[in-house]
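Okay, structure first, notes after.
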């Protein structure tokens with residue numbers, strides 16, 4: 001298995017229409033685009049990839065295509081589902097396909113669950129997987145409503161330390177990410193924030209798994225290269241953060257799928273309901289603002 005590290009795209013999932021199937025034929029070209037953009041790996045079926053809007057069967061087939069066309073990219077599979085049985089089935093399938101790690105969000109429908117129950121959920125998952133499985137937990141409480149607390153982390157390390165591989169922190173809180181990096185050197189900690197890539201690299205993170213790299217891979221890779229090659233890290237991060245500021249007022253997958261129409265040669269791809277595409281006016285405004293940033297004319 002490859003070692004996930006560096007800049008990893010929270011890759012998009014293509015659909016033929018808002019109620020249609022996955023556009024599997026679109027995926028190989030997209031993976032080439034991400035690799036050509038200098039990325040080290042991909043996270044499939046995550047938040048940006050609309051994974052929770054897909055069936056288990058669709059997700060498995062998507063992973064089959066990705067693994068067949070991954071090239072040198074590492075692959076992390078988002079396998080968290082509301083039902084533990086689905087999470088186990090999808091995780092087993094992903095591991096059988098040879099993914100380098102799985103990323104699992106906590107069960108998100110039952111509100112205010114006890115930490116003991118969440119820990120038991122993750123332990124049951126690990127018990128159902130091979131001993132050498134690499135399990136990453138997904139901390140994105142603003143979406144799931146369920147934080148990955150230190151009690152959960154400590155408990156899973158105590159019981160399944162050989163399988164517990166890492167954590168993606170998408171809280172956007174650098175102090176929280178730094179605490180994880182400093183407190184758990186045995187875990188690979190990834191930031192999920194485009195704005196925190198430079199800080200994460202300087203602070204000892206394994207890398208960054210971010211949304212913008214799914215449509216702007218070269219901008220994200222530029223931060224990595226500047227950090228490792230003695231370049232202007234602040235300038236590279238500022239440019240990426242400025243693009244993030246454009247996307248923030250808009251729902252992320254619609255903005256990124258729109259952006260792909262001018263950052264790549266890929267055909268336009270659809271979103272799955274309940275997500276809606278941007279209007280023509282919104283797309284034009286987004287592109288114009290992006291071009292001003294790239295030209296260095298944005299105040």
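Glycine is no exception: its Cβ is also placed from the backbone N, Cα and C atoms.
As written in Swiss-Prot, here are the features:
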ACT_SITE  47  active site, charge relay system
ACT_SITE  109  active site, charge relay system
ACT_SITE  138  active site, proton donor
ACT_SITE  168  active site, schiff-base intermediate with substrate
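Cα of residue 109 (active site, charge relay system) to Cα of the residue listed as 'active site, schiff-base intermediate with substrate': a distance of 20 Å. Sorting the active-site residues 109, 168 by the number of other Cβ atoms within 10 Å puts 168 first. The two recorded residues residue 47 (active site, charge relay system) and the residue listed as 'active site, schiff-base intermediate with substrate' have their Cα atoms spaced 12 Å from each other. Counting neighbouring Cβ atoms within 10 Å of each of the active-site residues (47, 138), the lowest count belongs to 47. In this structure, the C-alpha atom of residue 168 (active site, schiff-base intermediate with substrate) lies 5 angstrom from that of the residue listed as 'active site, proton donor'. According to DSSP, residue 138 (active site, proton donor) sits within a strand segment. Following the DSSP three-state reduction, the secondary structure of residue 109 (active site, charge relay system) is coil.
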